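The annotation Zn(2+) 1 binding site is assigned in Swiss-Prot to CYS901, CYS904, CYS925, CYS928 on the grounds of sequence analysis. The feature Zn(2+) 2 binding site is assigned by Swiss-Prot to CYS917, CYS920, CYS947, CYS950, with sequence analysis given as support. Swiss-Prot lists 302-352, 365-376, 383-400, 408-429, 621-633, 802-860, 877-890 with the feature compositional bias 'Low complexity'. Residues or ranges marked as compositional bias 'Acidic residues' in Swiss-Prot: 430-458. The compositional bias 'Basic residues' feature in Swiss-Prot is assigned to 564-602. According to Swiss-Prot, the feature compositional bias 'Polar residues' maps to 751-770. Look at Swiss-Prot and you will find SER540, SER541, SER796 tagged as phosphoserine. The region 'Disordered' annotation in Swiss-Prot covers 299-458, 504-523, 556-633, 740-891. The zinc finger feature in Swiss-Prot is assigned to 895-955; the stated evidence is sequence analysis.
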Amino acid sequence: MQSADDKSLLARFFHADRSLTAVASELDSFDGRAEPDRCTRLVSRLRQNQDKVLAITNLIMEELLGEDRDPRAFRAKFPEEVLQENLAGQLWFGAECLAAGSSIMNRESESKEMRPLAQAVTKSLGNVRVLLRDQCLKNNVPNSKTLHLDLNDSTTEQLYESLKIFDRLFAEFELSYVSAMVQVKSRHEYEMQQWIGVLFSETLQRALKIGLLDQEMVDAFDPGLMFSIPRLAIVAGLVVYAKGPLNMDMPGDQLSEMFRPFRTILIKIRDLLRNLNNQELYQLEKLLCTNEDINTKVPLGSSSIEAPSPEHSSHPTTSSTQNNNNSSNNNHSSSSTNTTSTTITTAGTTNTHRTVERLVDQRNNNHNSNSNSSSNPTVEGATLRSPSMLSLSTTSTPTASPTPSPTPSHSIASTSSAATSSTNPPADWSDGDDEDEDDDDIDVDEEDPESSDDGTDEEQLLKDIVAADCASGYLIPNTNLGNLLQPQEVPLTDNFVASEDDEYGTAEQQGHQGLEEEEPSTSAAMLAATRTLQRLRLPSSDNEPLAEPTTIKASEEHMQQPSGRHHRHHQSHHHHHHHRHSHQHQHRQPHPHRTTRSGRKRCSLEAADPETIQPEREQNLASGDTSAASSLSDDVSLAMRNTTARLKFKSTENLLHRLFVCIAGVADQLQTNFASDLRQILRSVFLMNMSAAQEDIDIPEKTKESELFEFRASENDVIQESAGSNQSIYSAEEVNPELDNVFSAGGGNQATGQRHSAGASMQRNNTIDLASQPGEGSPSGATTTTSRSHVTRSRSLGDQEAASSATSSTAQLRQLEQQQQQQQLQIQLQRQRNNSVGSNTPSSASSTSSSSEQNSPVSARSGSRRRLQSNNETQMPSSATSTSATLSPPAWIPDGKAPRCMACQTPFTAFRRRHHCRNCGGVFCGVCSNASAPLPKYGLTKAVRVCRDCYVREVRSGMGVQGVQSVQSVQASAS
């Protein structure tokens, strides 16, 4: 018969199975409908016993089957709340109900399918219970931690096979039953959740890189990151990693189930995010992390979206007036000045709308390009006056290579007279500020249309087209802001060379960026125009003369005659960029997208004769592809839709606030609707991105004193294994050194030096150097100062004052050497005392302790110091100085070396703690070390724990020292 207190697996199974059988028999003995309360209590007990039986059976299967157990990798798809300890009991109870003919509520079809499997599970489990009961009666070893079964017995082999069958059936039933009860992810959904985890991890790494979050927050598992990371992941998934798991262009059923309910609002958020410039996006991300107030005028700071530095800004009005000196018409000059000032003050909302209208007009005019070629320069010239249309291909992603992107070289609003020439790369993403400032130029041109003629517009049109092609290192014919922000983007052309000319920035353009941050940008509209211009550009358009790509045209240059404007352009180039330009035609490029390095340096704004350009333009426009009009219609529709969405907001602050509310709302809904999945993802993200755990530093038992104190090593270093004295919380004052002391001693003309190792006797090797130096030009009776050059970890809390100023003699030095030898003998006695701690003989320990304490180096050193003071007192001159010195405390005996009290020899237990004496370093119990006294010689002015013997001795020695000091003070005052 099995004992109730037997802890072996078979015995535990026997008692649990017997209790389960008793409860089941009681349930079958009465009608549950007549006594519902009793039935409820018994059912609860039944399920508890089922859990216990299955838990023990699972342990037996783990030991017997081992690796032959059926895999349960499908549990990774289960919700977190399903994986509980009593899951096995619930499955057994459900299998019995299904086998008895019951059905799961609202799951009749699934119940019918699972009923045969449930019957097989209950039958297999009953067979396993019978076989295990037999083994309990045959092969049980009381209190055995392992099973002791007879492997040659047929019943053991039968038990092994029955357990394998039950394990397979139970795993299959677990998957079917849980899938019928709760929603279980499919393979695709599980993979999408893993991709969401990757997105969260990439988002966190990006936030750490640009300074939105700190690594300390990740290491500390800051709860605020549970809200910040999902919010930032939505922004990054829609804009930065637009082709990732939050790609809204894919069908809705392919999205992760976490974001599938929010697909509509996520599309709207994406459209608004694409209209943000670099600073606005950074402010939004910062707002999502910190909930700070929106301030679009603050510089970006440390962000992957690099902002132009403040020193690049210049005054556009001053720059524009410098080139007005060469204008051939006063009216043209005033128009140029108005253009620049309007760039600063005109609102960007109306300009954005007019830009879209220009795109629509251009689409309509493309159909009539053959019949009316004279109207095309005006329309296209107005459309081309936006640098973002031609410069978006120069943008890079936050994770792109650090090679500086070429600066756009066709800003019509700024002038060629730049105050500074910057070599910093331009801002990433899209240049919304440049778009705004050039939209203002369009308005000015509309107000004064008579100031420019057709020839100037025709010439400027082709020059701007060539400038866009040559100044752009990336040629992206059909793109959007999403794939512009893809990480690790490589140039799409094989002629991309980051030359020094490509790095020159435009001060005028960057100055407008700082002044127009509040104006809404129209990135989508500008992108549409970029695609349109690249489709309309043909190979013959690259026949134009080439110039520096960083030269920026002023608005007044469009209003001048070709000859006058050409002269001013050359003069501005020579003045600000210090380059020489030839006014001859360059060779024609065989392919428009394969410009050489030298050609890219010379392309694209130098003027040519309008008579030569006009026939080529007519030929190019006549041979345009008819498909450009249809594709342009789609691009313009997209641009108008995105721009119209932004125009609904009064200011940038309103737009950012609306985005914050929407993004935070979606992210917070994930906390409620998908709490389990979000917890799993965040747990994985934290584990992947936390700092590497520091390797455990194994602290050796024998800590070298060189790691703790600065001392001069010698053969007299003692008790290295007992360096635990500096680990005490009671001796915090002891291990923190104070300032070193300087001993003064008089000397004659004879230069003598002697190292006095008095500190070695204190087991901390406080080495004191006493060097007698002669005083130059002083009489024989003059005093010289002997400095203490090396006192290791000296304590000077200043309770003992030692007057040690006297003339040294050869006899005194000999006396010190004798004292040193005597102290070394005392050290050996102290070492023997420490080695005899574990002695079981109280008499020997006490005798050793008493003898060592009487011959303590402390008292020896104190006596030597008193003898030195008494000897020096008779020869002390009137000019003697007094300093103080304290000793190092003795080393503590490690706890492991002291199993018993060193006084009463009582063994230490968990309740009888060890206590160290601060005076001798010994280990005592609380009774033998219940005394306390100050130890001024160690710098301990407050009362600390000491043993009884040290207390009696220190009190007596303290009284003696005080008497000697009082006598010395009286003598000093009398002298």
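Heads up, the Cβ atoms here are built off N, Cα and C, so glycines get one too.
Proximity to CYS947 (Zn(2+) 2 binding site), defined by a C-alpha to C-alpha distance within 10 angstroms, is shown by the following binding-site residues from CYS901, CYS904, CYS925: CYS925.
If you take the C-beta of CYS925 (Zn(2+) 1 binding site) and look for same-chain residues 6 or more apart in sequence within under 8 angstroms, you find CYS901, ALA903, CYS904, THR906, PHE908, ARG912, ARG913, ARG914, HIS915.
Across the structure, CYS920 (Zn(2+) 2 binding site) and CYS928 (Zn(2+) 1 binding site) are spaced 13 Å apart at their Cα atoms. Using a 10 Å Cβ-Cβ cutoff, CYS901 (Zn(2+) 1 binding site) registers 25 neighbours. Local packing around the binding-site residues CYS917, CYS947 was summarised as the count of other Cβ atoms within 10 Å of each Cβ; on this measure the leading residue is CYS947. Under a cutoff of 8 A between CB atoms, and with a sequence separation of 6+ in the same chain, the neighbours of CYS928 (Zn(2+) 1 binding site) are CYS901, MET902, ALA903, CYS904, CYS947, ARG948. Comparing Cβ neighbour counts within 10 Å across the binding-site residues CYS904, CYS920, CYS950, the minimum falls on CYS904. Within 8 Å of the centroid of the Cβ atoms of CYS901, CYS904, CYS925, CYS928, where the record puts Zn(2+) 1, the same chain has further Cβ atoms from ARG900, MET902, ALA903, GLN905, THR906, PHE924, GLY926, VAL927, SER929.
Mapped onto three states, the DSSP output places CYS947 (Zn(2+) 2 binding site) in coil. The residues of the zinc finger (895-955), classed with DSSP into helix (H, G, I), strand (E, B) and coil, number 14 helix, 18 strand, 29 coil.
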